[in-house]
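Enquirer: Sharing a structure below in structure tokens format, with a few things to ask.
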Amino acid sequence: MTDALSEEQIAEFKEAFSLFDKDGDGTITTKELGTVMRSLGQNPTEAELQDMINEVDADGNGTIDFPEFLTMMARKMKETDSEEEIREAFRVFDKDGNGFISAAELRHVMTNLGEKLTDEEVDEMIREADIDGDGQVNYEEFVAMMTSK
């Protein structure tokens with residue numbers, strides 16, 4: 001997990017970690033975690049912080065060491081990336097920016113990707129993703145489709 005981080009990112013995280021490790025003992029408290037993450041441009045909710053701590057704080061002592069912190073940050077960044085990638089992909093399909101992907105928009109993008117689909121195939125793709133049955137795909141439906149694999 002942490003091998004996906006660049007040396008620069010690791011150095012950045014180490015610096016931030018050290019700033020909040022007041023007594024220099026190599027651990028930060030759960031309370032300090034939110035402050036550290038916000039200083040790195042993340043914006044976790046209280047529930048997310050608690051979940052992250054529970055995931056990495058193996059002995060349940062309320063403190064996190066640097067390797068645990070790195071694992072957690074790598075995980076958090078991965079989630080953010082994939083969410084952003086899905087949003088970007090949706091924008092590519094949603095040509096007119098109305099928040100929906102129509103059959104025509106889907107056909108246009110698939111054709112540009114070199115996929116020659118029949119109208120039936122395009123309609124079938126829309127039907128599979130179209131949870132509320134309105135004949136087009138909204139962002140929530142698109143996310144569900146992209147993350148269901």
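Each residue, glycine too, has its Cβ placed from N, Cα and C.
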Enquirer: Return the residue out of E88, E105 that Swiss-Prot annotates for the same Ca(2+) 3 site as D94, D96, N98.
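Expert: Checking E88, E105 against Swiss-Prot: the Ca(2+) 3 site match is E105.
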Enquirer: Which secondary structure state does DSSP assign to E141 (Ca(2+) 4 binding site), in the simple three-class scheme?
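Expert: Helix, per DSSP.
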Enquirer: Is it possible to get the count of other C-beta atoms within 10 angstroms of the C-beta of N98 (Ca(2+) 3 binding site)?
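Expert: Other Cβ atoms within 10 Å of N98 (Ca(2+) 3 binding site): 11.
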Enquirer: For the Ca(2+) 1 site (D21, D23, D25, T27, E32), what does the 8 A shell look like? I mean other same-chain residues with CB within 8 A of the CB centroid.
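Expert: These residues sit around the Ca(2+) 1 site: F20, K22, G24, G26, I28, T29, T63.
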